[in-house]
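Trainee: Got these off Swiss-Prot a minute ago, pasting:
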type     : residues                                             : note
ACT_SITE : Lys63                                                : active site, proton donor
BINDING  : Asp11, Lys34, 61-70, Thr117, Arg179, Gln188, 208-209 : substrate binding site
Amino acid sequence: MREERPIIALDFPSFEEVKSFLSLFPADERLYVKIGMELYYAEGPDIVRYIKSLGHSVFLDLKLHDIPNTVRSTMAVLSRLGIDMTTVQAAGGVEMLRAAREGLGQGPILIAVTQLTSTSEEQMREDQNIQSTLIASVLHYAKRTAQAKLDGVVCSAHEVKVIKAEVPVGFVCLTPGIRPTGADIGDQKRVMTPHQARAIGSDYIVLGRPITRAADPVKAYHQIKAEWNR
């Protein structure tokens, strides 16, 4: 189920910047892009509709975490936008995860966030009062996500093999924190290259700045895509 296209994180604050960026690509190129909280909260559903109108796939990364009824009804609204993938927080619990699935329906891919790739084990213990290892926490959340019949999880590429050994076949792992060889790792703490992520079993990878801030974003995208698929 591996997606051949790297997902481009559209970490822009405005509609105009998104339009300008997407206009760099050939009209017949079908991208897979991520809309995060900043962009969605700034521009609302119209930004999703616009990107879908261009024929691109949309990963709407809102990381919902609320009471089950609220998550269920919100997912029902999001499903009407024609999104291809979205997220919830695994920490919301199995009941909330199941409610999300019910609200979203069976079309879009629904994945749960385990631990953010910016989170270190020390931070997890101090801030979340979770005294296990980081990988144990991630694996626990992944198993609960599978139990709730979601499609997969967001996790570091370093955790993919451990997760896939413990969950049903077909359970997907989306990995942010991907950086081309030699690139600045930014605020990510657990990173891999696209080729390493493929070798370890990642199904989807997400990159932002290595593409969006490149001198030639189209060239950077195709170089990363080639590395991901070799």
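The backbone N, Cα and C atoms fix where each Cβ goes, and this holds for glycine too.
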Trainee: By the DSSP assignment reduced to helix, strand and coil, which category contains the residue listed as 'active site, proton donor'?
Mentor: strand
Trainee: Measure from the CA atom of Lys63 (active site, proton donor) to the CA atom of Gly208 (substrate binding site) and give the result in Å, rounded to a whole number.
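Mentor: Roughly 18 Å, rounded to the nearest whole number.
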Trainee: Going along the chain, which residues six or more apart from His65 (substrate binding site) have their CB under 8 A from its CB?
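Mentor: For His65 (substrate binding site), the qualifying residues are Val71, Val88, Gln89, Ala91, Gly92, Met96.
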Trainee: Which three-state DSSP class does Gly208 (substrate binding site) fall into?
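Mentor: Once the DSSP labels are grouped into three classes, Gly208 (substrate binding site) ends up as coil.
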Trainee: Using other CB atoms within 10 angstroms as the count, which residue among the binding-site residues Asp11, Pro68, Thr117 scores least?
Mentor: Asp11
